[in-house]
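In what follows, a structure is listed as structure tokens, so that the remarks can point back to it.
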Amino acid sequence: MNREEALACVKQQLTEHRYIHTVGVMNTAIELAERFGADSKKAEIAAIFHDYAKFRPKEEMKQIIAREKMPAHLLDHNPELWHAPVGAYLVQREAGVQDEDILDAIRYHTSGRPGMTLLEKVIYVADYIEPNRAFPGVDEVRKLAETDLNQALIQSIKNTMVFLMKKNQPVFPDTFLTYNWLVSGS
């Protein structure tokens, strides 16, 4: 699937605002992939499809999580996390993407995971720093991403955890595990 086909496919699933975000993530992911030695074509496709399920009804996502035996603890956390694993599932079935590297980059772009691949890190950080994002801490992560993808990832996860904690919201366990894995030098 080429860029134009992928963008046309995903555009049907997104609002105009989210589509603009997706194009920003795509361009940022390609840039990061080239900078840090990841496969830029895989980064392009993963970035295009990363929010494919973002606007699916919560009930549909819940059913997919249960039916496909995705980790049950997903349902105990913010539904904003669900679109990543559900998106990987739907992109495979509806868009025909079969590459596991791409599907994993989509699957873990909201939570991270210990043992993240370079491509997964690229998509996570690209989603966080794409040019249309404007929130406290994003410029610091952009600066880190110029030279050190791991430090950019660590800082983005720290920022996310602090944001959630300040709002007395739970942090998804996989995100804590990812942070610990990263700072332990793994």
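Every residue, even glycine, has its Cβ placed from backbone N, Cα and C.
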Among His21, His77 - the residue Swiss-Prot places in the same Fe cation site as His50, Asp51, Asp127: His21
Integer average pLDDT (0 to 100) for the domain 'HD' (18-132): 98
Structural state of Asp127 (Fe cation binding site), classified by DSSP into three states: helix
Residue among binding-site residues Tyr52, Pro170, Asp174 with Cα closest to the Cα of Asp127 (Fe cation binding site): Tyr52
Asp51 (Fe cation binding site) versus Phe172 (ADP binding site) - Cα distance in angstrom: 18
Shell of the Fe cation site beyond His21, His50, Asp51, Asp127, same chain only (C-beta within 8 angstroms of their C-beta centre): Arg18, Thr22, Val25, Ala47, Lys54, His109, Glu130
Lowest local Cβ density (other Cβ within 10 Å) among binding-site residues: His21, His50, His109: His21
